[in-house]
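Undergrad: Take a look at what Swiss-Prot says about it:
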- G8, K9, G10, G11, I12, G13, K14, S15: ATP binding site (BINDING)
- C94, C129: [4Fe-4S] cluster binding site (BINDING)
- R97: ADP-ribosylarginine (MOD_RES)
Amino acid sequence: MRQVAIYGKGGIGKSTTTQNLTAGLAERGNKIMVVGCDPKADSTRLLLGGLAQKSVLDTLREEGEDVELDSILKEGFGGIRCVESGGPEPGVGCAGRGIITSINMLEQLGAYTDDLDYVFYDVLGDVVCGGFAMPIREGKAQEIYIVASGEMMALYAANNISKGIQKYAKSGGVRLGGIICNSRKVANEYELLDAFAKELGSQLIHFVPRSPMVTKAEINKKTVIDFDPKSEQADEYRELARKIDENELFVIPKPMTQERLEEILVQYGLNDL
């Protein structure tokens, strides 16, 4: 069982990328569970056809400790098992804590079955606080992919996430598997992301082009592979799935200083920011 965490700054398209990627992996015959670790609880919407899934924390709040697995785990596209950890009530408690509670509960209820090929954690990555680092820290996820784009804040967040991975790689077995570019159509985006990934000692595992097809599929509450399996964009996600399935480059990243990050940004023409 490969346990994979997908990190990236808020709004970068992590959840969209994770769901489209897992749809591609399911098509390749993999058995998958997706655990949404984002308080927005939108990590599985496209796999479930827009079904607003009740999160683990909401279920716990309403039903107490006595929770059945099928009240928090729903099966979606390609047999993908979907769970949302959810978040605390606004202004109360810690969202990271919710992730810890959810993963522990899934373990107790026997969600991690032997027939699973992959477990994906879709994790908010602006703040690498203790709770959000939970999938890395507790040795749950062994491989991390960071979703980024050619925008400065996306790369700043990706560099910060790499610092978190570096910190926990020494004690656990966690490694960076690569950077996934979710294109924003920024100038020199491919070259910039490629250079950024290499500087970390990693790879740009796939460049996902920007496409209106993604939005179209989302409006229809589906992944692109489900909505229009013959589209070019569906093939992009299949290619990303293949690369992750076959990936063998797992590294302890070498995060860069703020100065070095800015040098790379300037070099690739983001100096007009």
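Cβ from N, Cα, C; glycine included.
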Undergrad: Among the recorded positions K9, K14, R97, point out the residue whose Cβ has the most other Cβ atoms within 10 Å, with all shown protein chains included in the count.
TA: K14
Undergrad: Please identify which of G8, I12, G13, C94 has the densest Cβ environment, defined as other Cβ atoms within 10 Å, among these binding-site residues.
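TA: Comparing the binding-site residues G8, I12, G13, C94, the most crowded Cβ belongs to G8.
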Undergrad: Radius 10 Å, atoms counted are CB only; among the binding-site residues G10, G11, which position scores highest?
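TA: Per the Cβ count, the most surrounded site is G10.
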Undergrad: CB neighbours of S15 (ATP binding site) within 10 A?
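TA: S15 (ATP binding site): 24 neighbouring Cβ atoms within 10 Å.
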Undergrad: K9 (ATP binding site) to C94 ([4Fe-4S] cluster binding site): how many Å between their Cα atoms?
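TA: Rounded to the nearest whole number, the Cα-Cα distance is 18 Å.
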Undergrad: Sorry to bug you, but what's the C-alpha spacing from K14 (ATP binding site) to C94 ([4Fe-4S] cluster binding site), rounded to the closest Å?
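TA: About 21 Å separates the two Cα atoms.
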